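A quick write-up on the structure given underneath.
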Amino acid sequence: MPRRTVSVPNPNGDATSNFGEKDPLNSNGDPHTRAPEEKVELRKKVTLLRGISIIIGTIIGAGIFISPKGILKNSGSVGMSLVVWIACGILSLFGALSYAELGTCIKKSGGHYTYILEAFGPQVAFMRLWVDMIAIRPAGLAVIALAFGRYILEPIFMPCGVPEIAIKLATTIGITMVMYLNSMSVSWTARIQIFLTFSKLLAIAIIIVPGLYQLFKGETKNFENAFEVNTVDLTGLPLAFYSGMYAYAGWFYLNFVTEEVENPERTMPLAICISMVIVMICYTMTNVAYYTVMSAEELLASDAVAVTFAEKLMGNFSVAVPVFVALSCFGSMNGCLFAISRMFYVASREGQLPEVLSMIHIRRHTPLPAVIVLYPITLLILFLGDIYSLLNFMSFLRWFFIGVAVVGLIYLRYTRPDMPRPFKVPIFIPAVFSFTCFFMVFLSLYSDPINTGIGFAISLTGIPAYFIFIHFERKPKWFQKLSDSVNRSLQIILEVVPTEH
């Protein structure tokens, strides 16, 4: 979208609006005014610990507590399912290492969007942005929030089921809390993310420790014939890998906030490697604990594996498990929103979204408009949409564009060999990972052509959208006036100004 300056800093440090007068929010009479020399910008507040908490906190959601049975069902045996969990962790580590290189040589926030923009230009990047904004992100956020709403209420309604309207109300409250937190303070968002990450690790430890205790006591009957060949279904293995890769998804979120990371050349590779090793160990040991207490048949019959595990081993303490699952979901929501708001912020800065989305709150130093932009779409999908169908439509596109971003790394190696690369991975790592992504896309086309086709059609709507909103420079005067008026009004209401450089 054409850039039309709404507010710029003058040499004296005051922000001057395009109304031709001083910004009243900077007047000396306002008790909340910032000091004239203080820049309005996103601060570098993401330390190594906060970076690790963002990655772990977004990867570990409800999945490991609720339903690891997709991998067991498609792998055919206990032993093969554990192999798949480890293999998916290694493949995800390959993707994370590739993103670590991209994040240290392209020091901009925005994740996938920024890397595709840098390698393949604005048209392909806008396609990714468009699909993210209209479907993937709001649907993904709504699904995590629904899990939060269901599990936070479960202890209250036990042993009865939770009413759907109560779940949706609790979900709405959860989404609102996360939006408010991310709007108010980067520091508090990061601190709460650290707390929630430790809560998740504690919940996993509560499963792993008693499970391993039972294993060391000699409870190994469920591991007998763990690699029984006649139960392994080779045609199901790709689907098992698909489920596993989905469970590890989230390793890329630190790359969405690169500009806020302290010393990104060192912090990003370290945070990514430490996080992925921790998650791999947690996932594998948690599954070992499940299999120690439950047979494969019991696990496949359970709708919430961690709850079944707790009921069998811990008695009344099992009531605490839904609370831990709810906290885990809240952490995933918090980390996800913190990251993706930066993608919208960067896209606006690049001129592909309305200008107000790249503005910063004058006191909070948060990208307030970019944080709240998903709020109405998410609530609309939550109450009106078929969320799970939408996720099915879009899951293959997620892996397609991640594969494109990693191919961009290989492309940049050859087209821009002199680009500084403080962290560089062997070329086979991005090659193997991008091949895996495209294989999963091909698998989606084969296994679910209808939903995949609908998702592909939705993504193609980004082409006319690009030409209407971005490509055509000459727009009707009424459209320009309306756009300027909306930007100006939102800037005043939200108390935001452009980033100062």
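Backbone N, Cα and C define each Cβ position, glycine as well.
Annotated compositional bias 'Polar residues' per TrEMBL: 7-30, in sequence order. Here TrEMBL flags 1-37 as region 'Disordered'. Per TrEMBL, transmembrane segment is recorded for 48-66, 78-100, 134-153, 165-182, 194-216, 236-256, 268-293, 313-340, 368-390, 396-414, 426-446, 452-472.
Under the criterion of 3 or more C-beta pairs below 8 Å, with sequence separation of 6 or more, the transmembrane segment (426-446) and the transmembrane segment (48-66) do not qualify as touching, having fewer than 3 such pairs. Counting Cβ pairs closer than 8 Å to the transmembrane segment (313-340), the top stretch among 78-100, 236-256, 396-414 is 236-256. Sequence-distant neighbours of the transmembrane segment (194-216) (same chain, 6+ residues past either end, Cβ-Cβ under 8 Å): 49-50, 52-53, 56-57, 60, 64-65, 278, 282, 285-286, 288-290, 292-293, 306, 309-310, 313-314, 321, 324-325, 327-328, 330-331, 334. Among the recorded stretches 48-66, 134-153, 165-182, 396-414, the one sharing the largest number of Cβ pairs closer than 8 Å with the transmembrane segment (78-100) is 396-414. Long-range Cβ contacts of the transmembrane segment (452-472) within its own chain (Cβ-Cβ under 8 Å, at least 6 residues beyond either end) map to 1, 122-123, 126-127, 129-131, 134-135, 351-352, 392-397, 444-445. Across 48-66, 134-153, 268-293, stretch 48-66 shows the highest tally of CB pairs under 8 A with the transmembrane segment (236-256). A Cβ distance under 8 Å defines the sequence-distant neighbours of the transmembrane segment (134-153), meaning residues of its chain 6+ beyond its ends; these are 61-62, 66, 162, 166-175, 322-323, 325-326, 329-330, 332-333, 336-337, 340, 374, 377-378, 380-382, 385, 387-388, 390-391, 393-394, 397-398, 458, 461.
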